[in-house]
Structure formats: structure tokens, C-alpha cells
Amino acid sequence: MSKKYDAGVKEYRDTYWTPDYVPLDTDLLACFKVTGQEGVPREEVAAAVAAESSTGTWSTVWSELLTDLEFYKGRCYRIEDVPGDKESFYAFIAYPLDLFEEGSITNVLTSLVGNVFGFKALRHLRLEDIRFPMAFIKTCGGPPNGIVVERDRLNKYGRPLLGCTIKPKLGLSGKNYGRVVYECLRGGLDLTKDDENINSQPFQRWRERFEFVAEAVKLAQQETGEVKGHYLNCTATTPEEMYERAEFAKELDMPIIMHDYITGGFTANTGLANWCRKNGMLLHIHRAMHAVIDRHPKHGIHFRVLAKCLRLSGGDQLHTGTVVGKLEGDRQTTLGFIDNLRESFVPEDRNRGNFFDQDWGSMPGVFAVASGGIHVWHMPALLAIFGDDSCLQFGGGTHGHPWGSAAGAAANRVALEACVKARNAGREIEKESRDILMEAAKHSPELAIALETWKEIKFEFDTVDKLDVQ
């Protein structure tokens, strides 16, 4: 051998702690929140994360001499304190692009959040953010259609899309399920959806559901003269079954299908997104299982990372929480990952949880979906927070109306249009929310009843995962 080989164990920081390194534009950058075991220096723990998520192992190995370790290794180039947390710190790591397969989110996550999360030198580890370089983004398919194309397909402009999840989400026969879809769509909603856990159960097989839903959508379109749709969940036991369901939705001339991207997996999701792009189908994405991964403030993966990965893997709509509803998520954090779903460039902004500038180039945007514990009183705040390029989904806030789902849908439609009209007239819709809604209710008995029904319903719990800012 031309180089000397010294067997044994050496400290990670000797190789992977490089504070003088200046990241390249082509590097994939990651920010981890690290909590090491007591007595282990920060630099050693951070370097261990860089090593174990790239080229390193616990021992010096002779085969390192067969490659260019200096070229391929991950480098921890910066360490920062976490505001208000004396135990943890931020480790910023740069990875050369050649470590990752082109267009493969699966491969990126296998490296960054693989075995390193079980490393004994760590008490906790959380992936807070990723900066994907443009050279990698250009290898990803991204959203199969994007916001502009979706609006054209649905012929909906100048306001958020309005939808709901069918309830009860489990237990209905296919025919009764279709009846509920019809009631919601004829009442004024643009879209209805399968819940994340409705696939093909004994009480309702998928083909039966698809057929009755297609009939309901077409009847509602004929009655209202509007384009309607329903998110048909194609998540299945195998990829082959998933594609079979997608093909049948296409045969029924349905405009949009759905996938549970975390439980279904990024490989399946990317494949389905590619199919949708080729077949002119919109793709709605549910984030079931996300909170298992992202809710602990010191361990796991932040949802902003999962949202970025979804935009690259492919989806036209993604659930993001509501801020005001029953699900976890504060306003600034939510706005931070909504920006990364929709904008072409997102600057670093710690007040929104964004640790890096992120350039998305010409990649299409993704509709942010607000769903979970929302009702008509939330409409002004939802419009102010999410803006027009969003989908507002009221499940219980539609079906729980005393007069039924059609009346609940009508109430939500009137409330939305009243808020959009008030905003366009220059009114401060959050401050004037009560006046705006009460004025609209004078001409809508459905809205008046909805306002009375849900006037005391609030979800005022403190956020578990807060931004690390002072």
C-alpha cells in the first residue's frame, strides 16, 4: 500500500469535525439538534453524527485507502447553542452530493436518519432541517401537477379549495359512503376525501367505494354545474395493488387520488406521483404517522423536513395541520413549512424554523391542506394563515351540522366566500371575524345554525414542539 494504515479506534472529531470548511452549493446541508451523553465533548458527538450518517464506522478500516475519504465524508462544519436548552446543541453537517442516488428521497433519509439515531453516544437526535442543493432537486420529479395546473383542472380560482373528510371514517357501506359524498358536494364543497385509514376493509371493499363515489361526484357536478372531486385513497398492501386502484380511478374519470405517504413509504409515493404525472391525475397526500416521528422536540424528524421531502417525492396537496384546530402546530412553524411547499425560494428565517435558504427553482408548488378540528368560526383565521393556495377541510365541522352534511357544506361555503369578499375589500378579517360571519349569517340559515352550534368549541392547548427562539 502507498499510504500508511494505522489500525485501531480514533476519535471521530479527528476526521469529521471541520470548522474551517465552507459548504459548496452542491452540498446537501443538514441541521441536527443533538443531545449527547454526559461527559462527551460536543465536537466528538457532532462528528460522530457526521461520520455515522456518511462514510464512518467505529473503527479505522484498511479499505478507506481504496477510496477518497476526504471527498466522500460528511463534515460537521458548525455547532450552535440551542436557545433556552443547556443540554442540546445544533450540529450543521455538509454531505457531498455523490453520497446520494439521484432523485431518491428514500436513499437520502436512509443515510441521514438511519443507524445514527440508535447511536449510544447520543441521548437524543433530531433532524431539524435540510438544504437540498439545486443539483439534487433537478433530479426529482416533484409534484405531478402543481398548484396552477390543479386550479385549471378544477376550475377554482381566487379562493382556497373547500373540502371535508367523510365521517364516520370507518364502518359505512360503499353505498352509504357515496350518499354522504353526494350530500357534501351538492351542499357546496369542492372536494371530499377518504380518511387515511380507509383502504379496503370487510365492511367496504375499495372497488365498491370507488364506484359509488364516482356516481356521487358525477351527480353533484350535474346538479351544481361545478367541477367536483373526491380523494380516492389508493394506499394498499403492495405497490401492484396501489397501481390497480389508481388505474380504476382513472377508468371512472375521477380527477384526484390519495396516498398515505409516510405509512406507504417514499418509494411507493414517488412511483405513484410518477404515474399521476403520466396519467393526468391529481395526487392528495395524507401524513398519517407523522406525529410519531416529528412531535418530540428533541428526537425524530421535524415536519418541515418531511414536507420538503414530500415536495421532492411528489404530491399536489399535503396536510399541514391547522394552527387553530385540534392538531399540534404553532403559527410561525406552520408558515415556515407552508412556505417550503409553495414558494420558489425560501430564505433562512429562524423565527419560522427555517435554518437554511432553500431554492426550489421551477419546481411546482403544493397546496397546503388544513384539516383537523376546524369549523366555521375558524374560517377568517384559516384564510389569513393559509391564503388562497390551500385546501380547507371541515370533517366534523361539516357532518356535525344539526341539519346534516349538505347544510354543513353550505355553511362552510357561505363563510368562506364572505371572508374572501371581506379580505378583498381590505377588511382585517381576523380582527373583524365575528362581524363578517354574523353579517353573512343573516342571509344563510345554514351558517346561522352552524355559528350557534360551534360557538363554544375551542382547542386551546399549549404547543408541545415550540420554536427554539428567544
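Placed from the backbone N, Cα and C atoms, the Cβ positions cover glycine too.
Feature annotation from Swiss-Prot assigns substrate binding site to Asn115, Thr165, Lys169, Arg287, His319, Ser371. Under the three-state DSSP scheme, Asn115 (substrate binding site) falls in the helix class. Around the Cβ of Asn115 (substrate binding site), a 10 Å sphere holds 10 further Cβ atoms from the protein chains shown.
Neighbour count (other Cβ atoms within 10 Å of the Cβ, all protein chains): 16 for Lys167 (active site, proton acceptor). The annotation active site, proton acceptor is assigned in Swiss-Prot to Lys167 (among others) on the grounds of sequence analysis.
Taken from Swiss-Prot, the feature N6-carboxylysine covers Lys193. Listed in sequence order, Gly163, Cys164, Thr165, Ile166, His230, Tyr231, Asn233, Met258, His284, Gln393 are the same-chain residues at least 6 apart in sequence whose CB falls under 8 Å from the CB of Lys193 (N6-carboxylysine). Taken residue by residue with DSSP, Lys193 (N6-carboxylysine) is part of a strand.
Residues annotated as Mg(2+) binding site in Swiss-Prot, with sequence analysis given as evidence: Lys193, Asp195, Glu196.
Proximity of His286 (active site, proton acceptor) to non-local residues of its own chain (separation of 6 or more, Cβ distance below 8 Å) is seen for Glu196, Asn233, Met258, His259, Asp260, Tyr261, His319, given in sequence order. Residues annotated as active site, proton acceptor in Swiss-Prot: His286 (among others).
Note: the CA-CA distance between Lys167 (active site, proton acceptor) and Arg287 (substrate binding site) rounds to 18 Å. Those residues of the chain, other than Lys193, Asp195, Glu196, with a C-beta within 8 angstroms of the mean position of the Mg(2+) site C-beta atoms are Thr165, Ile166, Lys169, Asp194, Asn197, Ile198, Tyr231, Asn233, Met258, His286.
For Lys169 (substrate binding site), the same-chain residues that are 6 or more apart in sequence and have a Cβ closer than 8 Å to its Cβ are Asp194, Asp195, Asn197, Ile198.
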